[in-house]
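The [2Fe-2S] cluster binding site annotation in TrEMBL covers C32, C37, C73, C77.
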Amino acid sequence: MTGFPTSVLYSIVTFYAQFRLEPIGDNLIQVCHGTACHLADAEKISEAIQLESGAKSGHTSPDGKFTVEKVACLGCCSLGPVITVNEETYARMSPEAARKLIKQRKKGCLCGNLAANEDDSSEEMSGSD
């Protein structure tokens, strides 16, 4: 069809993160594992997201609602730990706030109110700094 060997096309598709060989879930969750976020317990946040969503890192949940990815850096180091959901940035995350976000998304809520309790004020912001 393109005139290129399959191996060349495959090497291009697998090199660039924007190309995918499998469909992604309704909610693409990227968890920053850059140095600042890693030191602020990004691994615990990743584990909480994976457990609550049912999607292992790099995969999509069986219900097709969530795809979870670990990424090197989201460029918001002063706000870490940081995740993005469908390109919306959530700053100063905790495992509890991450679980709450997944529960909200399961219910179809896109409100972004992540306060785990009245004393916790994890913030949401669009874009990056």
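Cβ coordinates come from backbone N, Cα and C, glycine included.
Sitting within 8 Å of the Cβ centre of C32, C37, C73, C77, and not among those site residues for [2Fe-2S] cluster, are the Cβ atoms of H33, G34, T35, A36, H38, A42, A72, L74, G75, C76, G80, P81, V82. Counting every protein chain shown, the number of other Cβ atoms lying within 10 Å of the Cβ of C73 ([2Fe-2S] cluster binding site) is 16. The number of other Cβ atoms within 10 Å of the Cβ belonging to C37 ([2Fe-2S] cluster binding site), over all protein chains shown, comes to 26. If you draw a 10 Å sphere around the CB of C32 ([2Fe-2S] cluster binding site), it holds 28 other CB atoms from the protein chains shown.
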